[in-house]
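The structure appears right after this line, and notes come after that.
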Amino acid sequence: MASSNFFLLTALIALVATQAMASDPSPLQDFCVADRNSPVHVNGFPCKDAKDVNVDDFFLAANLDKPMDTTKSKAGSNVTLINVMKLAGLNTLGISMARIDYAPKGQNPPHTHPRATEILTVLEGTLYVGFVTSNQANGENKLFTKTLNKGDVFVFPQGLIHFQFNPSYDKPAVAIAALSSQNPGAITIANAVFGSNSPISDDVLAKAFQVDKKAVDWLQAQFWENNHN
């Protein structure tokens, strides 16, 4: 009996751990096309009635083969995200994707995806990429970086701060990324800290960054753009 109880407990722990590690809930049917007009609020979207689903719920003419405009971006990049908000058929499937265009010397600034791991491949040009670990016991945050060329692949673990930078002075770069959530979210670090609405107290930020309040006030006065479309 004791042995049976032990194995039952082990199985339950494994089941709970599996659920805790999942980015998005696993689907319980073939598909669950998002009903974005439903008044019901759930974690994700409720399903559209299966009899009303058609092939266009799984299709989007996204024009990802076309270069995107980076000229209006201070960061020199343009992220075209295809998530459940644009493609209803992604609901419950735990995946999304993005095309990222980089101007010469452009970057996708340091940011995190709180709900997804990202895997990225370079289609054109060269990218300097990296991510930083969470706070370690020794007080360090380790930086992992790599220079990627066309066809190379790099993975950014879920929730960690990461970036991509085009080092070329005269050539643009293009990448495609896949993310392990239908709605991965993005928190651009500088935008969140210095461009929040309402502003974080300059007393807090001056102490945190060990600079005077004038530097904080100047940073908060800047326009912090969102390069994600």
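Note: Cβ is positioned from N, Cα and C throughout, glycine not excepted.
Feature annotations, courtesy of Swiss-Prot:
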- 1-22: signal peptide (SIGNAL)
- C32-C47: disulfide bond (DISULFID)
- 62-217: domain 'Cupin type-1' (DOMAIN)
- N78: N-linked glycosylation site (CARBOHYD)
- H111, H113, E118, H162: Mn(2+) binding site (BINDING)
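Of the recorded residues, H162 (Mn(2+) binding site) and C47 (disulfide bond) place their C-alpha atoms 33 Å from one another.
Cα distances from H111 (Mn(2+) binding site) to the recorded positions C32, C47, N78 are smallest for N78. In the three-state DSSP assignment, the secondary structure recorded for C32 (disulfide bond) is coil. Between the candidate binding-site residues, H111, H113, H162, the densest Cβ environment within 10 Å is the one around H113. Comparing Cα positions, H113 (Mn(2+) binding site) lies closest to N78 out of the recorded positions C32, C47, N78. Neighbours of E118 (Mn(2+) binding site), defined as other CB atoms within 10 A of its CB across all chains, total 24. Close to the recorded Mn(2+) site, the chain also has T112, A116, F131, F156, L160, I161, P184, A186: residues not among H111, H113, E118, H162 whose Cβ is within 8 Å of the site's Cβ mean position.
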